[in-house]
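Engineer: Take a look at the following structure, please.
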Amino acid sequence: MKKKTLLLIMVTSIIFLTGCWDMVEINQRIFPYSIGVDINEGGDEGKYLVTISYPNVNAIGKNPSQEEQVYIISTTATSIFEGSRHLATRVQYPFYFKHLRVLVLGEELAKDEVLVRQVMDGLNRDFAINKKVQVAVAEGKAKDLIETKTERQEVIEGTIFSLLINDKASARFTSQTLTDFIKSTDANGVALVPKAISKKDEIKISGGALFKKYKFIGYIGELENRAISMVKEKVNRELVETEHNGVTLSYSITDLKSNKKLITTEEGMKIRISIETEGALQEYILEDRPTINNDEILNSMERAVEKQLKKELEKTIEVLQQKYNADALGIAEYLSKFHPRVWREVEKDWDTIFPDIDFEVSVDVKMRRRGLVR
Amino acid sequence: MDRKHKVSNQQIKGLVVSMMVGIGILSLPSVIANIMANDGWIGILLGGILNIPFIIIINKIFQLYPDKDFFEIGRDVLSPVIFNIFLVGFLMYVILLASYVTRNLVEVMRIFLLDTTPSEIIAITFILATSYIARSEIDIIGRAGYHIYPIIIGFAIFIIIVSIPNADFTNLLPVFQSNIRLVPKGIRVSFFSYIGFEILLLTIPYAEKKEKTLKYSLMALAIVTLIYILIFVMALSQYGIHQLQRQNWPTLALIKEIDLPGYFIENLDGVVMAFWVLVIFGTMGPAYYSAGKILSELFNTKTHELFIIPLLPIIYIVSLIPQNLVQINDQMVSIVNYFAFFSIMIMSTLIYIVGYIKKRRENE
């Protein structure tokens, strides 16, 4: 009898000891997937204009009970988190930022170093936020970008996120996470963030925005972004087009290696960047007879691609050195890691030294395959 | 001495590893990176090497007096009065260690897992749970350590493996560039991240094969050193030196960086925290037990079970004294370290030297 009573007490106590101290049902939470931050012009209610978009759980699935798939809501605030508190008074459930995917910075906000630093610190400090949040800069306002309704909408993760992580097929932009952003600024003082453009019902990610010490300094184009990705070995697959014998030649890169080397001369520092690519012929021209059947023609094609890439690289380096004075190629990181003594000497005046560094670019293109036909 | 409890050497190894690895593993990479930058692993390695003599000394004490337990040796060698003073220091140390562990657990829990649960509830439930094991005798403690040991190894291996895909090992460069004058400071920090082997004082008398305990306890130290170095290397290659220096708990924050394809392996902090609580349990349990044992020796009682529950409020109150994380990481740590040095290093060395001289006189 005694044992049975004891057993009964133990069994009933299980019901009350389930350990759900702060239980929140999953459908009573809002999971924002992108957050846009703009500067609040005009209003006095805070420096930021925070826009949050989140999926409508009821509109997903086989028999959706509601039409609107994505909700977008925005407010002015003194910080992102204050903004989310403001918004919490206007939505049914609390926000839960663990699944936040994208941070979009408005162009005007990006130009203010202090504000960007504050946003970055807030996100880096918060424990719920996954540090793999993708960062992007909106040309114009972040609010407009997030509010853009695309035709092919991705409800689960958000359209912008799907676009951003789709950088495997091309090096026209390089996706950048929050940690990458901070790490890159730590190492080089410069970070390169993809640029997002919103048109009527379309979002496009193209090129990048350069940040120097968390301050937006300018945009770079797709080809420049490609050149930087090549130097940083961030190219997965890429198509290079060039003229060869009056015909457009497409060469697809499948493998890429990049090397930096410091050469100290009497005049100063010289950096040699050597890039080796491997790839295949993608498109040439259909001739009546097989044309690509000897070494000479392959070699001359390789030279043509090399010339094209070298031109792009040199142009990009010039833009970075003269126009922006921004070390997006990771030269500072290379020096501090592999030549710490040299780096210690130049570290203080890096900003004045970088534009005058002599670069020597060499590209070695290998065309391994020529497709199915000769 | 009571001889019915037996501890095997494998259990001793597991117990020492599980006692050493605890709070330190979470913050050590960034603490040492703040002092020695990229060369932190040197500090960790030297800290481990510096602990070897003390482990040898503890083992030697019991080779001098094979039939006695630690308290009997201490009372014989040093006079009871002096030994009691040291014991009080030891007691303070284990209570402080237990409180420090509890408070750290609370802070980490509130950050990573239970952000709205009151600190008091987490602290009390944790101390209560450990009080259960602290009431047991040394053989049970040994077995618990033996079972927590694979969890620690698994915890370390898991963190290392999941962070390999994103790691950039060039972040380890440049090596050997830090200021040589900072090395002693780095060693001081890493030296104390190995404390926990003092449980050997209470365990070795009950070892099954005493001639081999030294080998197994040194093996435990080597394993812990290896784990610390590997975790440091992974954290550094994942974060780069600047971002690593910013982190509070780089080892746990590493989990937040994981982004493997196929999203099911994402946001793993909850799972890892659950494992880590077991790791902490492996530190807290033996510390709590030692506190009970020392009290029972001081008051000359038969069992130490009596003192476990009265110790609970003391550990709880001490754990709530620091006002914020900075106080925990600066002041509380250095107090724990001073007491540890006084009670472990100085006491065991003194017992060994005096005991050695006494033994030789007897032989002559």
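Placement of Cβ uses the backbone N, Cα and C atoms for every residue, glycine included.
The transmembrane segment annotation in TrEMBL covers B:12-35, B:41-65, B:77-99, B:111-134, B:146-167, B:187-206, B:218-241, B:270-291, B:303-323, B:335-357.
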Engineer: Check the transmembrane segment (B:77-99) against the transmembrane segment (B:218-241) for contact, please; criterion is three or more CB pairs under 8 Å, pairs 6 or more apart in sequence.
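Structural biologist: Checked: the transmembrane segment (B:77-99) vs the transmembrane segment (B:218-241), no contact.
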Engineer: What stretch of B:41-65, B:111-134, B:146-167, B:187-206, B:303-323 shows the most Cβ pairs under 8 Å to the transmembrane segment (B:12-35)?
Structural biologist: B:187-206
Engineer: Ranking B:41-65, B:111-134, B:187-206, B:270-291, B:335-357 by the number of C-beta pairs under 8 Å to the transmembrane segment (B:303-323), which range is first?
Structural biologist: B:111-134
Engineer: Between the transmembrane segment (B:146-167) and the stretches B:41-65, B:187-206, B:270-291, work out which stretch tops the count of Cβ pairs under 8 Å.
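Structural biologist: The stretch I would name here is B:270-291.
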Engineer: Same chain only, please: residues at least 6 beyond the ends of the transmembrane segment (B:111-134) with a C-beta under 8 Å from a C-beta of the stretch. Say none if there are none.
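Structural biologist: Apart from its flanks, the transmembrane segment (B:111-134) reaches 98, 102-103, 105, 140-141, 144, 249, 252, 269-270, 273, 277, 281, 284-285, 288-289, 291-292, 308-309, 311-312, 315-316, 319-320.
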Engineer: So are the transmembrane segment (B:41-65) and the transmembrane segment (B:218-241) touching or not, going by 3+ C-beta pairs under 8 A with a sequence gap of 6 or more?
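Structural biologist: Yes, the transmembrane segment (B:41-65) and the transmembrane segment (B:218-241) are in contact.
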